[in-house]
Structures are given as C-alpha cells and as structure tokens.
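Feature annotations, courtesy of TrEMBL:
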type     : residues : note
ACT_SITE : Glu80    : active site, proton acceptor
ACT_SITE : Lys179   : active site, proton donor
ACT_SITE : Cys212   : active site, nucleophile
DOMAIN   : 31-307   : domain 'CN hydrolase'
SIGNAL   : 1-22     : signal peptide
Amino acid sequence: MLPSQALLPAVVFALTVLQALASNTFMAAVYEHAVILPDPTDQPVSPSDALALMNKNMDVLEGAIKEAAQQGAHIIVTPEDGIYGWRFTRESIYPYLEDIPDPVVNWIPCTDPSRFGAAPVQERLSCMARNNSIYVVANIGDKKPCDSSDPKCPRDGRYQYNTDVVFDTQGKLVARYHKYNLFRGETQFNYPKEPEAVTFETPFGKFGIFTCFDILFYEPAVVLVSKMQVDTMLFPTAWMNVLPFLTAIEFHSAWAMGMRVNLLSANTHNTSTAMTGDGLFTPEGPAAYHYDSATEEGRLLLAELSTRPRLSPTYPPAVNWSSYATSIRKFPGENDTFLGAVRRDIFTFSELRHKDGNYTVCQGDLCCHLVYQMSDERRDEVYVLGAFDGLHGSLIKYHWQICTLLKCPSTNLSTCGQPVETAQTKFEMFSLSGTFGTSYVFPEVLYSGVQLAPGEFQVLRDGRLKSKHGTSKPLVTATLFGRLYEKDPPHPLRTSP
C-alpha cells in the first residue's frame, strides 16, 4: 500500500537521513540569483506590493531549489538580499519584514503558518524545504518591537535585522542568525546587541552561518570555526568584487583554505554593482565556482563535499604562517622600493626586474619574501612584490597584513595596485612567504580572466605559498592575506551611545 500524501515528506526525510548517515560526503548547492529589484522609493509600499515583489524572487529561487533537490542536494544556500534586494531606507524596507521567532519554538511554518502572525515568506520557504526534502538557507528581514524600557530602542519602536534563516527537510525553522557586521550602506538595519554564534546539527555534519561582511571579522566567523568547531559554513552574501584581493571567488576560496572548513558561498548577481561569484569551497580548494560579469543570469552550482572535513585523509595540516620567513635573512638582490596605493592602503612595492630572482619587501612588522621564475619575461608587463601592514577601511577599520605578487595594469609603476583582470605572463615557479603576526592567513592565487587555480599551488607547513609545477594560465596575483583581529579598533557604530 502506498503511503498517504501526508506521510510522503516523512518517508523521504527518513531515506535522506539514512543515506547521509551511510556516507562520508553530502551534496551541497548554492544559487547565484539575479535579484528582481523594487523600484527605488523612500516611501513604504503596501504589504501586498512588497509580497508580490518577494514572490517573484521566490518563484526563481523555488525553481533552483527544486532542481538542486532533483540532483540529490541535501542543502542549498541562497544569497543575501535574494528575496527583496537592497534599495531601501529604514522606513521603506518595513513592509518586507516579518517577525522571525527563535527556532527553539519548534515551528514548521508550512503546516502552521499563522502561529506567529502573518509570515507568508517564512511559510513559502518552509514549504519549499518540506516539499523538496532539502535544507533551505535564505536571507530575509526580521522585525522586533521594543519600547522605552529599552534604552537602545530606536525611535520608531522596533529593531530591524538582516537575518538568515534555515529550514530543514521537514520545513522546520532550525536556525536564525542576525547579521552582526553591517556594511556601511545598511542603514535600514540595526546592529544586534551581542554577536550570535549560530550552529545546527544535521545527519551530514555540523553547520554554522554568517552573512557577507561578517567573514572579515573575528565575531562570528572565527568563533564559529575555532571555538564551535563547525564542519561547514553557510554564507549568504551580496559581494561587490574588488580586485586585486577581494574578488568573491578569490577571497572566499582562500578563507575556506585558511580556516580549513567547507564554505558554501551564495552571491547575488548584479553586474552594474560588480556582484557576481559564488562557489562551494573546501579546505583543499574550490569544488565548484562561478564568476560571470558579462550576463544577467543566475547560476546553480552543486558539488559533493566531505561531511566532516577534519576527518578526511586529505585534510591539510595546520600551518605556521611565519616559520619559513622568520628563519631566513633578507634575500639578496635589488631592494629599491616605492609606495603605491591599493585603494586607500599604501603598500611598499618592489619591481621584479628580471625573469627570475629573490626579493624581500618590508612594511611595519611584516617582511614578505619571494622566489620566482617567469616562463618568459615580457617588456609590456610589470610585476611587483608588495607588503602592507596596517588598518584598512574608512569608517569601519580592521587590521590587514598582506604579502602579494601582483601584476600592474601598465608599465607605469604609478599604476601598480590598481585593478587588473588580464595578464599574459606565466610563471615556472613562485614561492611567497611572510613574517605574519597571526595564524589567520588566507592564500589566494588568481589567474587572468578572474579564474582560480585549483590544484596548482600548495601551502607548506612552514607558511610558504608555492606553485606545484608552473602556472597553466597567466598570473594576476598570488597573495597571502592575513588578519590581525586583536589589532582591530573598537567598532565606531556599535560602541557609540
């Protein structure tokens, strides 16, 4: 006798659990969504108009979720701002917000939609997860009333939070995360009073979640990995690409390798704001990634990942990021240096004047060492070794230490540090290291055309970033990107009265 329609989700869920328990891997998916944006306005639209816009986006997301489930995915991550976009003031975003309860309430919005008031977005997301027997990760807005008894209550009597939600295969709300590190333009949202370290267990590993700008800060990103020991990070983002070091696929892949966890990065897609680039990243490198600055189309990615990467036989060993660099004297050779700007950061650069060589460049407490050999020396292309040790950012500042082998846009040295996407020069080998004052260092290699280099470089235990053989494509940059979280100044907005 066939199970009734009501029992089908439970049957499928049980089979999914058994399958996941029997395997050391799971199927993960991310979707890069070309968000349908509302018309710009400072005035709130009606709740029905807001829901209509959100339903258009959820129609697209539902198609991606169904396809991912049909291809065997256990979980799918969708982007930050993926349901309503980002063109809002504090007042105009209000009709798009819902009251999102703490997951301890044990709630399935798909089967009990009115338990906490009107929640059509949560209901629909819950049903997407339940009907397709897949974990669904989405980014929406949470609203919480407050009053004069709360000295930090905003004048309009409510808190508004940039919020990630996770629904399991039954459609139950299992995680809610309020973004802690808001980007400078997110004035429509409030900062949470305290950072949240949100995790949840599944049959296929332990997951943590954070949002976009959070990835650059100790709380919650490092806390989740180092203290909470998550296996896989879920990362809805609306990432605006910034060459040479902060292109989405470049930095997110490097972060997964540096932190030695899986990272499921789902980006919004909007070429006018340079938003593109998502992927499924592992401690060994990218399992799948996508970067498209030419079209306005979304993209679904799937890959099989290790359930518990720390137990994998290929799990990379811990790295002492300063061991090699602090053990050697300055390399001999030409030490002529000059200053150049990467955005607002003033780097110390040294031009690579020969086909091969050894170079040292220092700034502050950081010395960067490079051994290299080009496949051929081109007169029309200039590369530099650069070092930066200091605070980055305008309003919100944080401390970087960066060693980089970098292509300049032209032979004019004053252009070094400006964005460049293409190159012609390949390298027979390179070895880059630095005297980093932190254990949090992220290795990046970016090829011409904004392409990653999976399997073509390695990080040695003594902190050297080395090419394995030679670069198969022309090199744009090889970078060691360090974060000294303990040197970050107090946050100017969270600490103000």
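Yeah, the Cβs are placed from backbone N, Cα and C, and that goes for glycine too.
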Pairwise Cα distance for Glu80 (active site, proton acceptor)/Cys212 (active site, nucleophile) [Å, integer]: 7
Protein Cβ atoms within 10 Å of the residue listed as 'active site, nucleophile', excluding its own: 25
Integer Å distance between the CA atoms belonging to Lys179 (active site, proton donor) and Cys212 (active site, nucleophile): 8
Chain-internal residues near the residue listed as 'active site, proton donor', provided their CB is under 8 angstroms and they sit 6+ positions away: Tyr161, Asn162, Thr163, Asp164, Glu186, Phe189, Pro192, Phe210, Thr211, Cys212, Phe213, Asp214
Stretch-averaged pLDDT - the domain 'CN hydrolase' (31-307): 97
Neighbour count (Cβ, 10 Å) for Glu80 (active site, proton acceptor): 27
